[in-house]
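The following features are taken from TrEMBL:
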- A:27-541: domain 'Cytochrome oxidase subunit I profile' (DOMAIN)
- A:48-70: transmembrane segment (TRANSMEM)
- A:90-115: transmembrane segment (TRANSMEM)
- A:127-146: transmembrane segment (TRANSMEM)
- A:173-197: transmembrane segment (TRANSMEM)
- A:209-233: transmembrane segment (TRANSMEM)
- A:271-290: transmembrane segment (TRANSMEM)
- A:297-318: transmembrane segment (TRANSMEM)
- A:330-353: transmembrane segment (TRANSMEM)
- A:365-386: transmembrane segment (TRANSMEM)
- A:436-458: transmembrane segment (TRANSMEM)
- A:478-499: transmembrane segment (TRANSMEM)
- A:611-627: transmembrane segment (TRANSMEM)
Amino acid sequence: MSAASSPPLDIDIRHEELDGRLAETWRTRPGFWGALATVDHKVIGRRYIATAFVFLILGGILALAMRWQLARPEGRLVSPDLYNQIFTMHGANMMFLFAVPVMEAMAVYLVPLMLGTRNIAFPRLNAFSYWIYLAGGILLWVSFALNMGPDIGWFGYVPLSGPQFSPGKRADIWAQMITFTEIAALAVAVEIVVTVFKQRAPGMTLDRIPLFVWAMLVTSFLVMLAMPAIMVASTSLILDRLVGTHFYNPAEGGDVLLWQHLFWFFGHPEVYIIFLPATGMISSMLPAFVRRPVFGYLPLVLSMVTIGILSFGLWVHHMFTTGLPRLGESFFTASSMAIAVPAGVQIFCWIATIWDGRPVYRTPFLFILAFFFTFVLGGMTGVMVASVPLDTQVHDTYFVVAHFHYVLIGGAVFPLMAAIYFWYPKMVGRMMSERIGRWVAGLTFVGFNLAFFPMHILGLQGMPRRIYTYQTDVPWSGLNLFVSLSTVILAAGFLLFFIDAVRSARRGEPAGENPWGAPSLEWATTSPPPPYNFARIPVVTGRNPLWDERGDMPVASGLRVDRRELLITSVADAIPEARDSSPRDSIWPFWAAIATSAMLIGSIFSPWAVVWGSIPVAITLVGWFWPKGTPEDDA
Amino acid sequence: MRERVVADLSHLPLHGKGTASPTWWGTLVFMLLEGSGFALMIVVYLYLGSLAPSWPMGAPPPDLGPGLVLTAILIASLVPNWLVSRWAGREDMRKVRIGLVVMSVFGIVPLVVRCFEFPALNLSWDSNAYGSVVWTLLGLHTTHLLTDVADTLVLTVMMFTRHGANSRRFGDVEDNTLYWGFVVATWLPIYACIYGPAWL
C-alpha cells in the first residue's frame, strides 16, 4: 500500500464515528446469504451453543423414554431393537453432539473476547466447523428417524459393530457421524491454539491468561492428540465393513481388542476434553462471586496441564475385564488413582478461594456449589472403579452408569449451566431470571441426585446396563420406579431452564457491560459485543484487567478501519508483532461443508464416493482460499 | 469504561511473517494432529505385527524397487524445496515461479511411482490384516501427497496471476514448503514399517 493513498486508521477518525466505521467493516450482512456466509465468532458461537442444546433436549427425551421403559418390570413401551438404538443414540448424541461441541462452542464465543481480540483465528474454518457439525448431527438423527439409528452402544465395540454381526448401515452411520464431529472439533482446536498463541491483547503474558482460556488451550491439545485415534478407529471399521479389510477380524490376523485400545485412547482423554473446560469455567466465574482473585493461579494451570498429560495414561482402565496382563492392569490402576491428585489440587484451590472471599449466592454460584458436591461424589466412585477387583465386580452395571453421570453431569453440565447463567447477559444483553434460576438449580440438583444415586445401589445389586427390561422376580423394581420418578424432577428443572433462556432473551433485565463486576476482558465491551468486539485493543497489565485498572482502561490504537484488522502478538510475552487482517465473510466454507458432507455420506455406501466426491471438495476449497483482492489482502 | 490510549500500533507491518504469521502456526498445528494420526496408524501396524505368528503375514515381503525410487525422489525434492523457501523469503518472484513448477513435478512424479508401489506389496488389502494395514498406511500417505500436490499446483497458478506479487503469497509458499518437508518426513517411518521386514 503506497503512502499516497494511505488507508484510514482509527486515530484519524473522530471518536464518535469510530464505532460506525468499524461496524461497517466487521458486520454480518443481513439476509439469508449473509447468515450463511458470516464468520463472526460470536454469531457462530451462539449458533453452536444453541444447536448443542437442541441435541441435549433430543438426547434428554431419549433418556426419559428409557426411564419410562425401566420404571416397572417387563415394560413394553419400546421394543428391544428400538431400545438398543435409543441407548446408543443417547450416548453418542450426548458425547459427540452435545458435550464436546458445547464446550468448544463456549470457547468459540468467549476465548477471543477474553483475549481482547476481534475474531477467532481462521474464522472461515470456524464457519466450516459449525456446518460440518450440524451435518453430522442431522445425519445421525435423520437415520434414527428412518429406523437406521446405530444400535451398537456409543463405543461401537467390534465384533458386534463389524460386518458379520451388524449388517445394514446402522454401524456405518455411527462411524461416519464420528468423522463429522471429529473434523468439527479438530478445526475448533486448531483455531483456539492459534488464537491463544498469537492474538492475545498486548501485555497478556502467559501467566495472565484467563483460566478458562488455559483450560481450552490444554483441551485443544488433547483434542489434537486424542481425536485422531477415533478417526483411525472409525475409518478402519468402515473399511472392514465396506471393502473387506481385516483390521478387526481375528480369522485373518486382525484383533478385536485393537478396537478397544484405539477407542479408549481417544475415549478417556474425551472425558477430560469435556471436564477441563468446565473447570476453566469455574475458575473464571468464581472471582466474581467471592469478590477476590482466584487462589492458586499457578497450581490451577499446572493441574490442568497435568490432567491433560495423565489423561493419556488411563485408557486401559476401561478394559480391566478383557484379561490383559496383571502388570499392565496395576500400572493403569496407579495412573487412574494418580489423576485424582491434580483434580484434588483444583478443588482445594477453589475451596480456598471461597473461604477467603465474601460469597454472593447468585444462580451461577449455586450451580458451582452443586458441581462441588456432585463431582466429588463422582470422583470418589472413580477412584473405586480404578481398582481392578471392584471394577470387575461392577463392570457393565448401573454402578458405572451412576459413576459417569455423576462425573459428566456433576463435572460438566452443572458448571455449564453456571456458565450459561453467567455469560448469557454478555451474549444476549439481558439477564436471565434470578428467581427462576434458583428453582432450576434446586430442581436439577435434587432431581439429579435422586435419580442417579440409587443407580449405584442397583449396580451393586447386579443390574446390568443396557438391558431393555427386567423380570418381576429380581428385586430392582422399587428403586427403578424411584429413579424414573426422580427423573421427572430433573427434567422439570431443565424445562424451566429452557423457558427462562427463551423468555429472558426478550423480557430479561438489560445487563449492561459488566453485570457481575467480573475482572476479565469480555466484560470490558458492550453486551452483546459489537461485531468488532473492541473499538480499541485493550492493553493488559495484570491477571484481572478490570479490577487492576479501576477508572479507565488502557488501550492501543493505530489499527485500520477499512479492513478487518487485528493485532498479532508474540507467543510468550504478547508483545505486538504485526497488525494482520482477519478474513471477510464468505459463502465458500458453507459450500465446502456441503461438498464434504456429500462425500462422507456417500462413502458409507460406496468407496468411489471418496474419489468423485473429492473433486467438488477441492473446487470449494480453491474458492475459499483464492484471493479476492480485498484490502484484507494488503501486506 | 473510559479508555486511555497508551500505545500506537500504526507502525507495525500489515502482515506478519514466519512465527508472526497465524498461518505458519496453523500449518504447524495441522502437522501435529496429522502426525498423531500417522503415529497411531504405525502403532496399529506394530500392534498387529506383534500378535501375528509371522510378519509379513501370508505373503512374500514387498518388492523394494518402487519404494526405493519413490524415497529417493522425495529426499531429492528437499533440495529444490529448500531453495523455493529461501527464494520466497527474499520475495524473488522469477525464481519462486520456476521453483514452484519444479516442485509441482516433484509432487506428481512420486504419485506415478506410487501406482507401481501398491502392486509391489504383493498382496491385496482384503487378503489379511497385514494387507489391510500396509495398504492403509500407503493409502494415507498417498492422500497426504495428493493434497499437498493439489495445494502446490493451485499456489503455482496463483503466483502467475496478479495476486502473486504480495508478501502474503510468498508466506504461503514458505508454509507450503514447510508442509512438504512434513510430507517427506512422515514417509520415512512409514517406509521403515512397510519395507523394514524385507530388508531384515
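Here the Cβ of each residue, glycine as well, is placed from N, Cα and C on the backbone.
Those TrEMBL annotations? Automatic predictions, nothing curated.
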**Q.** Whether the transmembrane segment (A:173-197) meets the transmembrane segment (A:90-115): three or more C-beta pairs under 8 angstroms
**A.** yes
Q) In the same chain, which residue numbers or ranges, 6 or more beyond the ends of the transmembrane segment (A:90-115), come under 8 angstroms Cβ to Cβ? A) 41-42, 44-46, 48-49, 51-53, 55-56, 58-59, 62-63, 66, 126, 133, 136-137, 140-141, 150, 153-155, 174, 177-178, 181, 184-185, 188-189, 191-192, 195-196, 199-201, 204, 209-210, 212-213, 216, 219, 270, 273-274, 277-278, 281, 284, 408, 412, 416, 419, 423, 426-427, 520-522, 525, 529, 533
(Q) If you count every Cβ pair below 8 Å, which range out of A:127-146, A:297-318, A:330-353, A:436-458 shares the most with the transmembrane segment (A:209-233)? (A) A:297-318
Q: Summarise the model confidence on the domain 'Cytochrome oxidase subunit I profile' (A:27-541) as a single mean pLDDT, whole number.
A: 96
**Q.** Chain residues outside the transmembrane segment (A:297-318) and at least six past its termini with a C-beta under 8 angstroms from it
**A.** 207, 211, 214-215, 218-219, 221-222, 225-226, 260-261, 264-265, 267-269, 271-272, 275-276, 279-280, 283, 324, 328-329, 331-333, 335-336, 338-339, 341-343, 345-346, 349, 385-386, 391, 543
Q | Long-range environment of the transmembrane segment (A:127-146) - Cβ separation under 8 angstroms, sequence gap at least 6 | A | 37-39, 44, 47-48, 51, 55, 58, 85, 89, 92-93, 96-97, 101, 169-170, 173-174, 176-177, 179-181, 183-185, 187-188, 191, 586, 589-590, 592-594, 596-597, 601
